[in-house]
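*Asks:* Structure provided below as structure tokens; questions to follow.
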Amino acid sequence: MDEELPDAVVFKDQNFSSDLLRQLNGLRQSKILTDVSICSGACEVPCHRNVLASSSPYFRAMFCSHFRESREAKVQLKGISSTTLEQVIAYVYTGEVHISAANVLPLMEAAAMLQYPRMFEACSSYLQSQLAPSNCLGLVRLAEILSCDSLKKKAREVALTYFPEVAASADLKELCVMELRDYLGDDKLCGEEEKVFEALMAWVKHDLQARWRYMQELLQQVRLQYIHPAFFHHFIASDALLQSSPACQAILEMAKKQIFSLYGPSAQDCKLWHTPPRSSYQDFLLLLGGRKDNQQTTRDVLLYSIQTGQWQSLAKLPTRLYKASAVTLHRSVYVLGGMAVREGKGLISCSVYIFSMKLNQWRMGEPMLAARYSHRSTTHRNFIFSIGGTGEGQELLGSMERYDSIRDVWESMADMPMAVLHPAVAVKDQRLYLFGGEDIMQNPVRLIQVYHISRNTWYKMETRMIKNVCAPAVVLGEKIIIVGGYTRRILAYDPQSNKFVKCADMKDRRMHHGATVMGNKLYVTGGRRLTTDCNIEDSASFDCYDPETDTWTSQGQLPHTLFDHACLTLQCIPHMTSLS
């Protein structure tokens, strides 16, 4: 008779379980067939042993084993308030519980004690939804006490993501040294190293006598090589507390070599400085100015995220600048010189504008010594070099000046051997390289001009390999890549061997384009291209070169055609900037 017949069906009442639970709760509320009272102090809640035993391993062990409680009519639960007990029993019979800021902690503790994992996770989810920089450290500790991994993970993520705000809270000063060290050393910490250092010092000074001995251990978690040199000079190097520790002094001396020396630290000192920036930093591609859609010079500033593939507009340049130059230094953007275009008139400028990604604002910087446009600029350590260009009298400039970002001053450096326009420029191994360009008669110059940075001297080398004009150069690995320049050709120059290697050609003959490096790949933007019938067209192309495979791939199109623009890589923490 138990065998299923061919025409048999299985009926399942979807509402039966919930109806049964509702009826059982009605019996409980009417005290019908109840056989035990769960008590908290003077509060007694009548229940059914079989329902409780079925709902939780805790009650199953209590009522189905030979414990005293299995025979008692009243069972006293310690550590649970009467209100919380009533809410838990109501949950057992209905599957519902109202969670609020007022009851979430006692409910969570009761759920942990009485072994109701779903209610426990519901409380955890509620707390996760309430997480903020002001409470995340406290909730990390609560999660540890309650062994709630999901809450601990989420609360720690908030603490790391919003570390500058968390560092300002009183809770940070109450961390033990192990906890603080774990936060400061975490690669996922989102915050400038200046903020990391300030948090360390605030924690130590909160209880100086007891915490001073941890200074060295904590200072080693700060990635000093990424601190702005001016901040290091003014607030760290001369700090009396750090100077009182020989071990901290040694760390600071090593940092000084990395931050201030033209050469960097010696080989034996390099171990500390191999640490990359924290993983919260991302590289973004930045386009500034240039000629847009064959119109007049634009003030637009565009940002591109490789992660999202999206373009975003940032604060416009303060004025229209024709053939200015731009660089990034210490995660700020510097726009130098150019011809300021106002009401159809051009004024050659020595002005410097500095852009803060964090504030999405421009400000004036210290002006250059000479007004120039069509010049080239590059950076090395704490310096910006502004090279050549055209002067106020439309003369071809052979001069070079250097900006010291620590002292905020410009100073004249040695003139280049031969004044050229539109060369490709890059810095590698303490040397500044100028490839090609054109002379005053617009003839291509087949020269490499090399500037020794620490000696302030130039020399030049003739080569038949060079014929580039209006081409950018970038450093990619150990090579300097010269990208086009009225040609499709891509040349990789090895400074050590003084040899060129030809790479895969671009699709078009390009000039007046931009190029930058992100993630060991070369990105080329816009420019002008020579068509097969020798016409010149503005370009909106956006291409990527992979040196590993020696291949080009299209990244789509720029928002519009663009040439004579700046193309830079800017590193920042997305949620701490105008991107958020």
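Just so it is clear, glycine is given a Cβ too, placed from its N, Cα and C backbone atoms.
Here Swiss-Prot flags 34-101 as domain 'BTB', drawing on sequence analysis. If you look up Swiss-Prot, you'll see 136-237 marked as domain 'BACK'. The repeat 'Kelch 1' feature in Swiss-Prot is assigned to 284-331. Summarising the annotation, Swiss-Prot assigns repeat 'Kelch 2' to 333-382. Marked as repeat 'Kelch 3' by Swiss-Prot: 383-430. According to Swiss-Prot, the repeat 'Kelch 4' annotation covers 432-478. What Swiss-Prot lists as repeat 'Kelch 5' is 479-520. What Swiss-Prot lists as repeat 'Kelch 6' is 522-572.
Could you tell me the structural context for the features on the list?
*Replies:* Computed over the domain 'BTB' (34-101), the whole-number mean pLDDT of the model equals 93.
Residues 283, 285, 287, 290, 306, 424, 426, 428-429, 431, 433, 435-436, 448, 461, 463, 465-473, 526-530, 539, 541, 543, 545, 547-548, 550-552, 563-569 of the same chain lie 6+ residues outside the repeat 'Kelch 5' (479-520) yet bring a C-beta within less than 8 angstroms of a C-beta in it.
Helix first, then strand, then coil: DSSP counts for the repeat 'Kelch 6' (522-572) stand at 0 helix, 32 strand, 19 coil.
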*Asks:* Are there three or more C-beta pairs under 8 angstroms joining the repeat 'Kelch 4' (432-478) and the repeat 'Kelch 1' (284-331), sequence spacing 6 or more?
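*Replies:* These two stretches do not touch.
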*Asks:* Mind tallying the repeat 'Kelch 2' (333-382) by DSSP state, helix then strand then coil?
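*Replies:* So the repeat 'Kelch 2' (333-382) is made up of 0 helix, 27 strand, 23 coil.
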*Asks:* In the repeat 'Kelch 5' (479-520), how many residues does DSSP call helix, how many strand, and how many coil?
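*Replies:* So the counts come to 0 helix, 24 strand, 18 coil.
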